[in-house]
Amino acid sequence: MDLGVIDLSRLQFALTALYHFLFVPLTLGLSMMLVIMESVYVMTNRPIWRVITRFWGRIFAINFVLGVATGLTMEFQFGTNWSYFSHYVGDIFGAPLAIEGLMAFFLEATFVGIMFFGWGRLSKLGHLLVTAMVALGTNLSALWILIANGWMQNPVGATFNPETMRMEVTDFGAVLFNPIAQAKFVHTVSAGYVCAAVVVLGISAFWLLTDRYKGVARRSMTVAAAFGLAASLSVVVLGDESGYALTDNQKMKLAAIEAAWHTAPAPAGLTLFGVPDVAARETRYEVQIPWVLGLIATRSLDGTVTGMSELVLKAQERITSGVVAYDAVERLKTDPANVAQRARFEAHKRDLGYALLLKRHVADPRTASLALIASTAWDVVPNVPLMFWSFRIMAAIGVLMIALFGAAFVLTSLRLHTQTRWFLKLAVLAIPLPWIAIELGWMLAEIGRQPWAIEGVLPTFLAASSLTRGVLWTTIIGFTAIYGTLAVIEVRLILATIRKGPFEHDEDAYPVPDAGSAGRGAARPVAADPIPA
Amino acid sequence: MFDYETLRILWWGLMGVLLIAFALTDGFDLGVATLLPFVARTDSERRMVINSVGPTWEGNQVWFILGGGAIFAAWPFVYAVSFSGFYLAMFLVLAALILRPVGFKYRSKRPDPRWRSGWDWALFVGGVVPALVFGVAVGNVLSGAPFRLDSDLRAFFDGSFLGLFTPFTLICGLLSVAMLVLHGSAWLAIKVEHGPVHDRATRFGTLAAILSLVLFAAGWAFVAWTDIGFRIVGTIDPAGPSNPLRTTSEIAAGAWLANYALHPWMMIAPLLGFGGAVVALIGIRRRIESAAFAGSSASAVGIIATVGLSMFPYILPSSIDAHSSLTVWNASSSEKTLGIMLFVTVVFLPIVLAYTAWAFKLMWGRVTAHEVATNPDFY
């Protein structure tokens, strides 16, 4: 294994996934908000809501296409850059990706074209249903992707088959209803909703501050305040941590986030602040709130939060056991019918992945000394300071979001939101925050899973394709150049769209779909902001 | 419900269905994008071409994404080996395809002619590069890829990017471009109003139909008379575990035509490939536009089916190792996964086809210069 190739493969995946994930959350949330806005239009029949829906639809469109474009890379990157991963777990991992295409992305992509082009060809209710299909497809898409990702964190319902040298599915229901996947879905989708709500809130606040398009702005803000409050509460309360008691790696993630080097007596305290020292394996200047962590993480007073040192000891046992399974697999390669080796394998197969950790240090894990096994066990600890700080910044932003939307909700309820200038300024300043939290959350999930590509099953350093550094640099530079250019163009187009405002040049010339149909009530064309602020 | 062998054949067939559905739908989007700078000169003409596929191309592209996902789920070896083996080619395809969603959407956002012309060429690249590379890739699959598997079933490659381009694979690449340009011009013929764009599309369609016939014949000749082809030596266990190391292959000149002698009905595929192109050519010349589109569709079905049937049971042969070639019998997912995925497909594919048909019907009708000038929803 060329570790340079591994690092470059990881760098490329991280760059392309983090970039893809800039666009997806806004798509997730904005599609839902479009459904809300258009529903108000259909129910009230007021043309202003049509203008509102179409304007946020334009922002949605500019953002959506980049999500699609960068999603292409993700769909194929497992094969291009993580070839051994694809072989090793394709039997399970491929299924949710295929179902995502069939059940979700088809729905989203087919109806999104009709959503943009169908205004003149559909009834109002028909168009609303199309928008709802886009939102449904988008959110189902997230569900299937997170079922796939959740399985990487908690590989249930599968077992290693020595005949095919890969993991194979035993219980597809367990893969679908993986509790970690469910927790991730709610958490991630809620985060997307917060992101969209912040964008709508911030742009509306910007217009109110600069005294433009007030009718559109204050209505948009009302939707954003209610939607954002619900979503920001959901993202924190239904946080990802509910799964942290489940597996050794999830426990390790939690211990790393808390920089808990040793198991503390229950209920453990929550570390508010501290400076993790990796070399000394301790945390300096710790400020703890007693009991809180134990309550959150174990939902009980007597459950313990296992510390990293104890988890490393457990990993050491599992490596030792895994070496037996590894030896049995090697013997079964040449003698598949050997019953005794098959039995040895069955007894130790749960730990096979742990033996593979040794391959980073020695070609044949069976030759590893006890000392090597003991030191390799520490490989299961992820990057503690990164985890510690990422979590704290993410969580702080989560709390800030609740405060922001709490304020927004109160002010809109009191109808004070158009003139409270300090709040409007804060709303504009808050626009980048959800993205920071979302990207940090992704890093927590993925870096926290290290050294594993599949928790307990396949180490990351074994999962990559047999590529060379040269081609990897070529594609990293290529993707960076394309993505960078597109990012600049996208931001400029969104800013131009905001500047241009919600009213279209030719809104007069364009016949509203059912103008004149007396039954549904005629919608009038809108030439300028007709609603007094 | 089905045994392992049947499930493998069904999934081999479904992989073909997905590839064909991609070629029939997104294929004309790729062809139209390739034709864009040549059949349309003014901004209004170009917008007519772009909006002829604007509302539906996004859904069409999902056949490509679903193809990737389905190969991952049903043929994990194929997904793992092919995309990493053709690494830089795959990067070219992705980089080109990334330009399409943005090109379609962003082009109309600014009136600046340089901005629009830039996106026109981006869309051209997004059409012609994938069309060419897909064909070259198929050519490489037919001639075998330079990979081998070790005892852990990890894949290693000996090839280089430039090594992908040989006379035979270039013929395959150009055939793919001709086939999709023919399909794209047939689409433009039924989708844009009569006028200069329509006339130019007809001329390019004529050329593409003739080139399709010539290149398909040339490819066939290569397969018949050069040493391209593989066959399995020894026993085959169609229900055995998916482990390519247990199969032995050898290079055998002309082996890709052996199936047609064994099962003469398979000749339907190449006949459809040629016959469809002829029908398309006649349809285009005589201005029977529905016949032109039916012909170009039939030709694409025939050409893709020919590749699949010629190679059966091979999916991706190795040109350097006798025990690494991937076949229908040694490269699939487990029986359980194939069964589950078949169930999911049987339930959801008809739903997808139903709303896709509805979307096309809703957007039916020729794009006119007038509509391009007045409809604010158009790109």
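Just so it is clear, glycine is given a Cβ too, placed from its N, Cα and C backbone atoms.
Per TrEMBL, the features are:
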TRANSMEM  B:12-40  transmembrane segment
TRANSMEM  B:84-100  transmembrane segment
TRANSMEM  B:121-142  transmembrane segment
TRANSMEM  B:162-183  transmembrane segment
TRANSMEM  B:204-225  transmembrane segment
TRANSMEM  B:265-284  transmembrane segment
TRANSMEM  B:291-316  transmembrane segment
TRANSMEM  B:336-358  transmembrane segment
* Asked: Looking at the transmembrane segment (B:291-316) and the transmembrane segment (B:265-284), are there 3+ C-beta pairs under 8 A, with each pair at least 6 apart in sequence?
  -> yes
* **Selection from B:12-40, B:84-100, B:121-142, B:162-183, B:265-284, the stretch that has most Cβ pairs under 8 A to the transmembrane segment (B:336-358)** => B:12-40
* Structure fact -> Lying 6 or more residues past either end of the transmembrane segment (B:121-142) yet within Cβ distance under 8 Å of it, the residues of that chain are 29-37, 50, 82, 86, 89, 92-93, 95-100, 102-104, 107, 164-166, 168-177, 180-181, 184, 219, 223, 228, 256, 307, 310-311, 315-317
* Asked: In terms of Cβ proximity under 8 Å, which residues at least six beyond the ends of the transmembrane segment (B:162-183) contact it?
  -> 23-24, 27-28, 30-31, 34-35, 86, 89, 127-128, 131-140, 142-143, 146, 204-205, 208-209, 211-212, 215-216, 218-219, 222, 226, 228, 277, 280, 293, 296-297, 299-300, 303
